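Student: Okay, handing you the structure first.
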Amino acid sequence: MRHVIVEVLVLTFLVVLELSYAFAPIVSYQWVVSYSQRSILGGNKQIIVINDMFPGPILNATANDIIIVNIFNNLNEPFLMTWNGLQLRKNSWQDGVRGTNCPILPGTNWTYSFQVKDQIGSYFYFPSLLLQKAAGGYGSIRINTPELVPVPFPTPDSEYDILVGDWFYADHTDLRASLDTGHSLPTPDGILINGRGPEETFFAFEPGKMYRLRISNVGLKTCVNFRIQDHDMLLVETEGTYVQKRVYSSLDIHVGQSYSVLVTAKTDPVGINRAYYILATARFTDYYLGGIALIRYPNSPLDPVGSVPLAPASWDYASSVEQALSIRMDLNVGAARTNPQGSYHYGRIKVARTILLHNDVMLSSGRLRYTINGVSFVYPETPLKLVDHFQLNDTIIPNMFPNYPTNKTPSLGTSVVDIRYRDFVHIVFQNPLFELQSYHIDGYNFFVVGYGFGAWSESKRAGYNLVDAVSRSTVQVYPYSWAAILIAMDNQGMWNVRSQKAEQWYLGQELYMRVKGEGQEDPSNIPVRDENPIPENVIRCGRVL
């Protein structure tokens, strides 16, 4: 009898939970994507704007909201928008990458619709096709904490979104043509802060007030070091995870990563009568690139005084690794729910499989390509999500992609890894090259349990952080190094795994994870509780018309 009562209570809870989602608030946006001529870093360039804004509008929602974004493509080329870091639970149909969606053709529109279920945090969106990110088209995403869930820090007096990233004078079509002919991207021409050049962006501070800065690296290739003159930063959140609060004088922000920091404005008479520099400078390069913004107090002069805060030594990887290891999850607080983040004991879960992803380079017909486990990704004419749904089985070859690097000659291929729904997986990113890497997995956060120099081996597991590793969606991999993650495959769908560095991604350094349950190879056998059905407004292309 007791078991029956427990089952009834559980079923009642699930019904209430589903009803709460059924009546979730809806946040709607209408975005027009178009070109605009702008002068940036002193050079005139055709950029991509959203509603005539660069960066685009802030997408602002609260955990469990339903977000609807109707995008009108006024460009002269196909377009897709992807939502960097949003998990899109059960709904890879809305991921906005080439493997899941047919593009929005010029002169047409398409409506994205998804729920930010059980997720809070700081993120950004950007165009995923044709190197369009080099022309802009990106913007910030804020997912706020539900009203009944305590936030583990005092309410800020105000919030600012800060998008930093490298910038090129060249048009994105010219950069793309260069990659197509086998050349690398050139050295960037500068670093923008919120789409502007040095000292063109400023943030107003009031004495004694506290500000939340949501900072993302939206660049194509450059890790940046972010710091504020004479102001410390209290790190509180990383891509949806509340972290143990630590004060930093500077932060390394790798391509595709996002952070939230709290900054308290000054109160002393001298301090409030000054302006201050905000700097974002290139890391791990032989050249200097810097973006500069300003903090201004009500009566401060327009220009700062005093010395510019120094960056870490350019090639000091050790301090960067030390900083990365210092960012740890706060086990005692909730995020999108009231239960503590530490209530999920990831370190005690049995690992179902290990996948080692080894990045490298290759030449194909004399042209530069990038690989993972010896395969450089090429897209079929039909998005993989549609291929899978309509069971066009000659496109996805089972077991084509190896779980470990092999000695086979590098080749072109369509890399798809089949993973069982709800498996707990150990993934190691191995970088044998001199250039720093940055990897992202759509649809998921994962626990970054270890970093190390040299080659990964089974013995490295002994040093993993199995207690309070940070959970995030983008991880850096240092040169000649590895990074290890643990990931619960609890989000069914077709999900992109990619280098966040635009050149590597464009030239093949990606794959897809097809996550399905037992006996669900046929999409008609997938229950709605596990994955959303194909949208009624799905765009068809390729072999699906």
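Each Cβ is built from the backbone N, Cα and C atoms, and glycine gets one as well.
Note that TrEMBL annotation is computational and uncurated.
Feature list, courtesy of TrEMBL:
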DOMAIN    33-146  domain 'Plastocyanin-like'
DOMAIN    160-284  domain 'Plastocyanin-like'
DOMAIN    382-516  domain 'Plastocyanin-like'
Student: Per DSSP, what is the residue tally for the domain 'Plastocyanin-like' (382-516) in helix, strand and coil?
Tutor: 17 helix, 58 strand, 60 coil
Student: Sort the residues of the domain 'Plastocyanin-like' (160-284) into helix, strand and coil with DSSP and give the three counts.
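Tutor: Breakdown, helix to coil: 12 helix, 63 strand, 50 coil.
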Student: DSSP says what for the domain 'Plastocyanin-like' (33-146): how many helix, strand, coil residues?
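Tutor: Its residues fall into 7 helix, 56 strand, 51 coil.
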